[in-house]
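Enquirer: Take a look at this one; I'll ask things after.
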Amino acid sequence: MKNHQYVLIIDFGGQYNQLIARRVRENNVYCEVKPYTTPLEELKALNPIGIIFTGGPNSVYLEESPHISKEIFEWGVPVLGICYGCQLMAYTLGGEVTPAQDDSAREYGKTKTYYNTDCKLFQGLPEEGISWMSHSDYMARVPEGFALVAHSDACPNVAIADESRGFYGVQYHPEVNHTEHGQDMLHNFLYNVCGAVGDWTMEDYCKTAIAAVREQVGDGKVLLGLSGGVDSSVAAALLAEAVGNQLTCVFVDHGLMRKNEGDEVEAAFKKWDINFVRADAEQRFLDKLAGVTEPEKKRKIIGAEFIRVFEEESSKVGQVDFLVQGTIYPDVIESGKGDAAVIKSHHNVGGLPDDVQFQIIEPLRMLFKDEVRQLGRELGLPEYLVMRQPFPGPGLAIRIIGEITKEKADILRDADAIFREEIANAGLQYSINQYFAVLTNMRSVGVMGDARTYDYTLALRGVTTTDFMTADWARIPYEVLDKASSRIVNEVAGINRIVYDITSKPPATIEWE
Ligand SMILES: Nc1ncnc2c1ncn2[C@@H]1O[C@H](COP(=O)(O)OP(=O)(O)OP(=O)(O)O)[C@@H](O)[C@H]1O
Ligand SMILES: O=c1[nH]c(=O)c2[nH+]cn([C@@H]3O[C@H](COP(=O)(O)O)[C@@H](O)[C@H]3O)c2[nH]1
Ligand SMILES: NC(=O)CC[C@H](N)C(=O)O
Ligand SMILES: [Mg+2]
């Protein structure tokens with residue numbers, strides 16, 4: 001499904017790799033992030049119009065650090081190196097990188113920077129501005145053919161360029177917002193150096209994705225896992241457009257949905273012109289999960305059980321070859337399918353069983369959440385659906401710490417509903433990107449009606465984020481927390497203490513399991 005230009009981002013372990021990808025796509029250029037260990041011929045076959053080397057925590061002059069073959073510079077493809085990537089380019093092409101000799105050449109954070117605006121990277125931009133640095137190594141000697149095109153007060157070689165070959169390196173991070181005009185510099189690299197034409201638009205993506213699905217499916221039958229969430233609703237709209245009534249959407253009600261959610265999802269999608277099935281699977285999920293406390297084990301059980309339910313439902317429809325899931329890029333990356341460590345196995349990726357008999361179609365697999373929302377709008381979905389807060393496939397199973405029982409699920413459902421109601425009453429439902437309650441497995445002593453209680457502690461969580469890869473805890477006004485807290489303790493039996501989670505991601509994650 002590739003009829004657009006492609007920019008290759010090579011990952012050397014930097015913190016901002018996803019951010020680089022987002023920035024490139026915001027420039028209407030398609031890109032993907034690949035680990036630096038990917039075989040070179042595989043990378044070449046992608047036929048990139050440009051390559052970006054990311055930053056990274058290592059030092060290029062150490063043998064054990066990530067390196068890349070010099071051959072990549074012989075492809076005739078422009079390269080932009082960022083921080084570690086810049087040092088790597090200099091090092092590989094014969095320059096010298098050393099630890100910074102004096103403290104002033106170690107730069108962290110906002111740094112006044114002076115640019116040579118004759119260089120294509122900085123054309124049309126101001127001659128000075130703030131850039132955002134994070135380095136302790138230093139390019140002591142730049143390779144032959146390279147010119148110094150930016151400097152700071154401490155560092156003479158903040159940016160280097162060999163314009164005849166289209167090689168550029170910057171010591172700072174143009175992808176972070178703190179770098180003034182960083183986005184324009186990336187734009188210059190993409191459009192003025194790599195010859196991008198800006199062919200990555202949602203309208204285009206939408207058309208291409210529909211055509212690709214049609215071709216793959218032919219006149220076969222398709223099952224789609226529909227949760228009522230943003231991703232699968234967008235996937236359903238796309239599939240409905242592509243293959244019409246060859247599609248059956250299956251909503252698995254695993255008994256770990258939020259309060260009234262099963263009925264609401266059913267009511268909403270019954271109105272759509274699609275084949276919609278609600279599979280009541282509460283008991284079988286609870287049975288399988290009984291006694292299980294380990295989070296990854298819960299996730300694997302749920303991933304497998306989802307597939308078993310899909311199989312059963314498909315047998316009622318006839319021969320079904322394809323299963324569509326609303327998997328998006330962060331699900332893939334966080335399940336350790338990219339170069340990253342396994343943080344948690346998302347049920348629809350790392351949690352899938354080995355013996356899936358369907359061919360899996362994931363039309364959103366390469367999109368970020370905000371791109372999925374854009375695609376949903378493109379497909380004509382209403383704003384309230386497109387802007388819904390995400391709800392994880394495993395549902396309350398990963399918000400009940402320790403063993404899962406129906407009783408605990410009921411307690412959590414009631415508490416969570418009150419919290420969400422109070423957030424909505426305060427008009428905060430769109431400014432907090434995800435908010436929910438967690439039933440911790442901890443009990444503590446309280447006093448209610450002059451009597452001792454020994455009940456659960458409930459945690460409330462609210463985060464702000466755009467891509468759910470990183471997140472900050474939401475500064476919910478005290479009055480709102482206060483109201484929610486007192487209502488929950490008064491109205492929900494089994495809870496006598498409420499805490500608010502004030503960790504960002506990283507170091508925490510959004511969900512507790
Ligand atoms: N209850 C469910 N029934 C059927 N399929 C489901 C269910 N929950 C999740 N899935 C499948 O797993 C995929 C991933 O779930 P995920 O929660 O990430 O996406 P979503 O529910 O579609 O959107 P959102 O991120 O807004 O919650 C879904 O797109 C869907 O295909
Ligand atoms: O469909 C899903 N299946 C899963 O297994 C899963 N785990 C986490 N999430 C959602 O992903 C986002 C990031 O969550 P974490 O910070 O907890 O990893 C948040 O929006 C989470 O709600 C999941 N969604
Ligand atoms: N942010 C980076 O890429 C850092 C690169 C290298 N580790 C340095 O300290 O200079
Ligand atoms: Mg969901």
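Note: Cβ is positioned from N, Cα and C throughout, glycine not excepted.
Remember, TrEMBL labels are computer predictions, not curated facts.
Keep in mind it's a predicted model, so treat the numbers as computed, not measured.
Feature annotation from TrEMBL assigns active site, nucleophile to C83. The active site annotation in TrEMBL covers H173, E175. For S227, G228, G229, V230, D231, S232, S233, the entry in TrEMBL reads ATP binding site. Annotation comment: TrEMBL describes 200-388 as domain 'GMPS ATP-PPase'.
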Enquirer: Quick one: of S227, S232, S233, which of the binding-site residues has the smallest count of other CB atoms within 10 A?
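Expert: Looking at the binding-site residues S227, S232, S233, the Cβ with the fewest others within 10 Å is that of S232.
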Enquirer: In the same chain, which residues outside the set S227, G228, G229, V230, D231, S232, S233 have their CB within 8 A of the centroid of the CB atoms that define the ATP site?
Expert: L226, V234, A235, A236, G326, R388, F391
Enquirer: Measuring Cβ to any atom of ligand 4 with a strict under-6 Å cutoff, which of the recorded positions C83, G228, S232 qualify?
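Expert: The ones that qualify number zero, so the answer is none.
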Enquirer: Roughly how many angstrom lie between the C-alpha atoms of S233 (ATP binding site) and H173 (active site)?
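Expert: Between the Cα atoms of S233 (ATP binding site) and H173 (active site), the distance comes to 36 Å.
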Enquirer: Which three-state DSSP class does S233 (ATP binding site) fall into?
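Expert: Reduced to three states, the DSSP call for S233 (ATP binding site) is helix.
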Enquirer: Binding-site residues S227, G228, V230, D231: which have a Cα within 10 Å of H173 (active site)?
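Expert: None, since no candidate lies within 10 Å.
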Enquirer: For ligand 3, pick out the recorded positions C83, G228, G229, V230 that have a CB under 6 angstroms away from one of its atoms.
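Expert: With ligand 3 as the reference and 6 Å as the Cβ limit, the list reads C83.
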Enquirer: Cα-Cα, whole number of Å: V230 (ATP binding site) versus the residue listed as 'active site, nucleophile'?
Expert: 36
